[in-house]
Amino acid sequence: MILLIDAGNTRIKWGVIRGEAWIAEGALIHAEVAALGDIVAAHPGLRRVVGTNVAGADIAAAIAAALRGVGSAPQWIHASAERCGVRNRYDNPAQLGADRWVALIGARALHRAACLVVNAGTATTVDVLAASGDFDGGIILPGEDLMRRALAGNTAQLPFAEGRYVGAPRNTADAIVSGCRNAQAGAIERMFRQIAHLPGARCLLSGGAAPQLEELLGIPFSRVDNLVLKGLAVVAREDAAA
C-alpha cells in the first residue's frame, strides 16, 4: 500500500491506495499533523509515502516525523520538464508549484482533450492543459476567503464579510462575498476562452472552494475531488511499474 499526501496551505489531504484501489482518504488541519501516525498504524501494509508539499519546511519535517512508522522517508514530488505524459512549458519548469504540477498529471489521466485545471482553495490556480499533454501556462489568484480578508485588513470600513452570494447585492456583506466569488468565476471563464473552441474542451474543478463556484460557471466542467491526490496516485503507480 502507498500513502499519498497533499500538504496544502491550510489542510493536509491524504489517501491510501493499493494498486488501482482507493482504500481510505481524509484531511487534517496542520495542527493535527501528528494524527498521520494513526493512519500508518491503521494500515500496517504501508510501504511508501508519495506527496506534494506547498506548506513549507516545518510541515514537511512534521509529516516525516509522524510517518516514521512507514520505514521510509516521504518521496516529495517536484515539478520537472516532463512526467506521466505531461510536458511542462513553464519558463523555468522547476519553479512550477508541486501541487499544480501533480494536478495537471491527474487531469491528464482523467481527460485527454484540452482542459482547464482549476484548484480552488486558499489560493486559486487556473491552468491550461492541451490535448497534446502540454501545460501551456496558467494563473494564480487569491482564493475567495483571502480576497475577503484582504478587504477587511486593508480598508477602514469594510468588515470580514459573512454574507451570501446574490446576483445584485443590496448590503455590504453580500456585496463583498458576491464580488469575490464573481472574481473567481470570471477568472476561470476568461481563461477557458483560450480552449473553448477545441473539441471536448472542459474545465476540471477541484479544491475546497469548488462547491461555491459550481453554480456560477457557464462553461462545461466536471467536479473532481482531490485532484492532487489523484495525480499522486498516477505518479506512484507509474514509478511502481518502472
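Just so it is clear, glycine is given a Cβ too, placed from its N, Cα and C backbone atoms.
As written in Swiss-Prot, here are the features:
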ACT_SITE  Asp99  active site, proton acceptor
BINDING   Asp6, Ala7, Gly8, Asn9, Thr10, Arg11, Ile12, Lys13, Thr122  ATP binding site
BINDING   Tyr90, Gly97, Ala98, Asp99, Arg100, Thr172  substrate binding site
Distance, Asp6 (ATP binding site) to the residue listed as 'active site, proton acceptor' (CA atoms, angstrom): 8
Position of peak Cβ density within 10 Å, selected from the binding-site residues Ile12, Ala98: Ile12
DSSP three-state assignment (helix, strand or coil) for Ile12 (ATP binding site): strand
Conformational class of Asp6 (ATP binding site) under the three-state DSSP mapping: strand
Residue among the binding-site residues Thr10, Thr122, Thr172 whose Cβ has the most other Cβ atoms within 10 Å: Thr122
Candidate binding-site residues Asp6, Gly8, Thr10, Ile12, pick with smallest Cα gap to Thr172 (substrate binding site): Thr10
